[in-house]
């Protein structure tokens with residue numbers, strides 16, 4: 001193949017402009033590079049650097065012994081770091097980013113929710129900001145509705161308060177109930193079902 005380089009016992013560079021350096025290193029796609037014993041770069045422009053490093057996604061980068069960047073545009077850096085979904089980043093020994101756009105930084109950091117970010121040793125993030133915002137909106141809607149219902153039950157007096165006041169309170173409660181419904185259906189359910 002054009003401009004391939006293979007150095008080391010059993011090293012193979014079969015992709016155009018591929019580079020394989022190390023015992024049984026393997027670069028099988030165009031512009032891929034595998035450097036290290038049994039390192040594997042098997043997708044376009046993938047880079048695997050380190051003992052048994054695996055870069056299997058397009059433009060994926062795996063750096064470190066047993067690191068794995070197996071999805072497109074993923075980055076895994078560190079001993080046994082694992083970036084297994086598209087556009088994920090896992091940096092640190094045993095760091096793991098397993099849902100799209102997740103980021104795990106630190107020893108054994110685990111980012112297992114879409115767009116989740118886990119930063120620090122043993123940090124865990126299973127949800128994303130969209131879920132958090134939905135929960136906050138839901139709690140606010142419930143609390144506000146309860147407050148106004150309490151006002152109507154205990155303090156509202158038709159003789160002291162006009163019908164307009166009652167109408168405003170009723171409208172506020174209705175809006176809050178609708179907001180709570182939207183928070184659940186649009187914010188929580190699609191993500192929870194997608195992350196299963």
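Please read every residue number as a count from 1 along the shown chain.
Note that Cβ sites are derived from N, Cα and C of the backbone, with glycine treated the same way.
Checking TrEMBL for transmembrane segment across the ranges 108-130, 131-153 points to 131-153. Sequence-distant neighbours of the region 'Disordered' (1-22) (same chain, 6+ residues past either end, Cβ-Cβ under 8 Å): 28-39, 41, 44. Sequence-distant contacts of the domain 'Trimeric autotransporter adhesin YadA-like head' (55-81) (same chain, at least 6 residues past either end, Cβ-Cβ under 8 Å): 32, 34, 40-49, 87-97.
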